[in-house]
Amino acid sequence: MSKVHNSEYIQELSVDNTSYKIYDINKAASDIDLPLKKLPYSLRVLFENVLRSNGSKQSLLVFKEWLKTKKSDAEIDFMPARVLMQDFTGVPAIVDLAAMRDAMKKIGGDPLKINPLIPVDLVIDHSVSVDSYAAKDSFNKNVQMEMKRNIERYAFLKWGQQAFNNFKVVPPGTGICHQVNLEYLAKVVWHKDGTLYPDSLVGTDSHTTMVNGLSVLGWGVGGIEAEAAMLGQPLTMILPEVIGVKLTGKLTGIATATDLVLTVTEMLRKKKVVGKFVEFFGEGLKNLMIADRATISNMSPEYGATCGFFPIDQETIKYLELTGREKTQIRLVEQYATEQNLWYDFEHAVEYTEVLELDLSMVHGSLAGPKRPQDRVNLNDVASNFKYELPNFALDNKDIDKKYAVANQNYEIGNGDVVIAAITSCTNTSNPSVMIGAALLAKKALEHGLKVKPWVKTSLAPGSKVVTEYLKLSGLDKYLDELGFNLVGYGCTTCIGNSGPLNPEIEETINKNGLVVASVLSGNRNFEGRINPLTKASYLGSPILVVAYALSGTLNIDLTNMPIGENIYLKDLWPSKEEIDEVIANSINSSMFIEKYSDIFSGTKEWKDLQVTNSSTYNWNKNSTYINNPPYFKDIGSKNNIQDIKSAKILAILGDSITTDHISPAGSISKTSPAAKYLTDHHIEPLDFNSYGSRRGNHEVMMRGTFANIRIKNEMCKGVEGGFTINQLNGTQQTIYDAAMDYKAHDVSVVIFAGKEYGSGSSRDWAAKGPGLLGVKAVIAESFERIHRSNLVGMGILPLTFTGNNTRLDLKLDGSETIDITGLSENISSYHPVKCVIKKQTGAIRTIDLILQIFTDNEINYIKHGSIMHFVVESLKG
């Protein structure tokens with residue numbers, strides 16, 4: 001077998017009288033006695049990828065060995081077909097590429113070697129906020145405000161589009177990247193230079209996994225890994241375990257795809273599938289259309305899996321037809337999948353690492369909350385669940401049921417009242433069944449004389465223009481409008497924390513009385529402080545239930561048994577499956593997809609009017625508070641040996657489930673934060689602070705925003721919420737940023753201690769970049785979430801785990817200790833053991849064992865070079 005081209009496996013496949021080349025995985029499997037039909041479909045895609053990417057016989061044999069034990073510790077190189085980005089993560093990625101060009105020039109290389117070698121699509125969707133709502137002109141007002149706030153960022157992206165090859169930008173106001181990917185960008189089977197191969201991707205957003213519902217293998221990575229992939233570097237990975245989920249039956253009653261994904265999230269999070277593939281199979285697939293599957297795949301990060309994959313079948317073809325893909329492309333998919341044994345075979349049993357079963361008929365109406373997406377609650381238990389959770393919000397129980405008057409209004413609010421009801425997120429707005437269902441419920445509510453409660457902020461932010469088109473065509477848009485669910489934008493909005501301000505009088509009442517009010521949204525995450533700083537409780541649910549809770553205005557109601565209005569119950573308003581299906585059949589067609597996506601890259605007049613300089617390197621403006629040349633390459637070219645960590649101080653001691661939102665928040669910038677001080681020092685008014693997410697192109701803001709989440713709890717500061725620590729150099733309580741800068745000034749390294757699932761949530765690389773710039777050398781935790789561990793390695797930060805059942809709690813740390821980490825050397829290997837020496841102020845010394853969570857040779861190289869970016873630049877220079 002040739003290691004260079006594997007040319008003996010190139011075969012011809014004729015489709016519509018055109019001949020294409022394919023890499024025949026059946027023949028390659030036969031040559032190594034690999035029973036291909038026993039291999040999970042997701043691994044068949046990887047097998048083809050390795051074969052086509054010049055994989056050696058040894059790398060192909062890894063798949064055969066996998067079948068023996070259904071797991072592996074062998075690594076493979078994955079070469080994705082393309083990269084998907086959104087603007088919050090995309091801007092810093094393009095900043096990094098621009099800085100890499102400068103670095104390449106600095107060390108005497110060719111700056112133009114820094115160029116994407118595979119297609120990169122960036123969709124601007126993360127910057128629109130719900131400033132205006134419940135009005136006909138809300139969309140236009142929010143778009144205008146978005147452009148005003150982000151004109152410098154958008155001009156930078158437009159510069160990048162002309163400066164880099166293979167890089168396209170979908171302008172703002174078009175859609176959400178994952179829904180655009182599902183409905184338009186994804187091909188299922190890619191063809192380039194006459195060769196056919198499975199579509200695959202990585203994305204700089206954790207919910208890139210959504211497209212696995214359309215049988216396109218992909219997952220989220222940090223921006224720095226995505227940059228490496230763009231520049232032709234393979235993504236080295238351990239061949240994962242694959243958990244099979246056998247689906248049977250069909251959804252019944254009021255259960256929707258949203259309820260299904262919340263059930264799957266609850267089930268799989270308990271199963272601990274972090275770092276594993278999940279693959280769905282069974283007769284139940286026949287009862288799930290692609291939109292339902294996409295909802296399930298979207299929330300893979302929430303259940304912890306690398307991806308949730310659905311094989312190609314007839315539903316895939318039907319969706320490609322519905323969304324207006326070219327007929328030739330559809331035939332390519334069908335014939336290629338059949339030829340390569342990628343078409344789902346209901347008769348042939350695949351072998352999985354483990355198999356779980358889920359009967360779809362057992363799924364019930366649900367919400368998930370109040371703080372984690374895996375905490376599913378049956379609809380009839382929501383009120384009691386909220387009451388049970390209230391003490392966890394440090395509430396004084398004596399006033400738990402008290403109502404408080406809102407100034408200048410004729411209503412009162414109290415704990416459990418819903419102040420935000422948002423139909424938002426690609427997770428659900430990509431699914432016509434729940435969107436039509438929400439509109440039909442709105443129609444019936446109005447017919448029964450019901451209105452949304454006046455303290456509820458309502459919004460509709462779909463993931464593509466097709467949604468508003470079919471709502472308009474069906475005549476149902478007017479009912480959502482009348483209830484206040486007017487279009488506010490085509491973007492992520494409330495789901496990522498861009499919910500905008502509440503009514504000032506409501507905000508005052510909440511703050512003055514310490515109320516625990518809630519948001520109900522059709523999103524995928526509800527981590528504390530994420531949706532809005534004032535909604536401590538957030539529940540996820542279907543768009544239909546979002547409308548229902550907007551009508552009730554409170555969580556303190558059992559919607560299954562208590563009336564929403566006078567003698568009006570949820571069952572009186574709930575649309576039947578037949579009603580929903582009839583509207584879908586009459587209102588959704590392929591022509592609307594073709595029309596709405598025909599000018600996807602054009603943009604508004606404001607976008608077209610943005611003027612940029614044609615140049616290969618970026619002209620940095622040192623006074624910019626949005627785009628700044630990062631300091632990652634100051635020591636480019638210098639030898640960066642791995643050294644033991646000596647006399648480090650503890651910057652923070654954190655608990656379980658610390659999310660990337662806690663580490664690097666995306667939402668609003670507090671007026672009292674270090675980032676706010678930096679901005680005001682640069683003459684930026686608080687009204688123009690924008691969000692942390694929008695300023696990820698400026699490292700000065702992002703360093704100051706690291707660990708600045710108002711809900712984070714550092715165990716070194718008892719009873720204090722927010723980004724504070726004890727500076728051991730002077731014994732005072734300071735912001736984490738200020739203390740870190742003091743340590744840096746005194747050449748003192750710092751480390752972090754944490755609990756389980758450190759770095760869960762979004763893929764944001766700033767949750768690794770920020771700590772790196774603060775001087776963090778290592779994070780010591782019980783476990784890491786997949787993407788964040790990779791990001792830490794990519795920034796040269798050591799991810800270390802305890803051995804056995806040890807935890808930070810066993811160590812009885814107070815933060816005053818001095819830390820040594822020994823055993824690091826040029827000869828580190830995967831899962832390298834090291835010693836951690838903890839020196840107490842009393843003089844007591846304790847030594848514990850830790851494991852360095854580095855998996856592959858490439859990751860070892862990243863650590864040795866100081867970061868993945870240094871490694872890539874120096875490799876490309878040659």
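Placement of Cβ uses the backbone N, Cα and C atoms for every residue, glycine included.
Here the structure is a predicted model, which means the values were calculated and not measured.
Annotated in Swiss-Prot:
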BINDING   Cys426, Cys492, Cys495  [4Fe-4S] cluster binding site
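Sequence-ordered, the extra residues of this chain that approach the [4Fe-4S] cluster site, with Cβ no more than 8 Å from the Cβ center of Cys426, Cys492, Cys495, are Asp125, Ile176, His178, His207, Thr424, Ser425, Thr427, Thr429, Ala461, Gly463, Gly491, Thr493, Ile496, Gly523, Asn524. If you draw a 10 Å sphere around the CB of Cys495 ([4Fe-4S] cluster binding site), it holds 29 other CB atoms from the protein chains shown. Proximity of Cys492 ([4Fe-4S] cluster binding site) to non-local residues of its own chain (separation of 6 or more, Cβ distance below 8 Å) is seen for Gln86, Asp125, His126, Val128, Ile176, Thr424, Ser425, Cys426, Ala461, Asn498, given in sequence order.
Cys426 ([4Fe-4S] cluster binding site) has a Cβ environment of 31 other Cβ atoms inside 10 Å. DSSP assigns Cys426 ([4Fe-4S] cluster binding site) to a helical segment in the three-state reduction. In this structure, Cys492 ([4Fe-4S] cluster binding site) belongs to neither helix nor strand by DSSP; it is coil.
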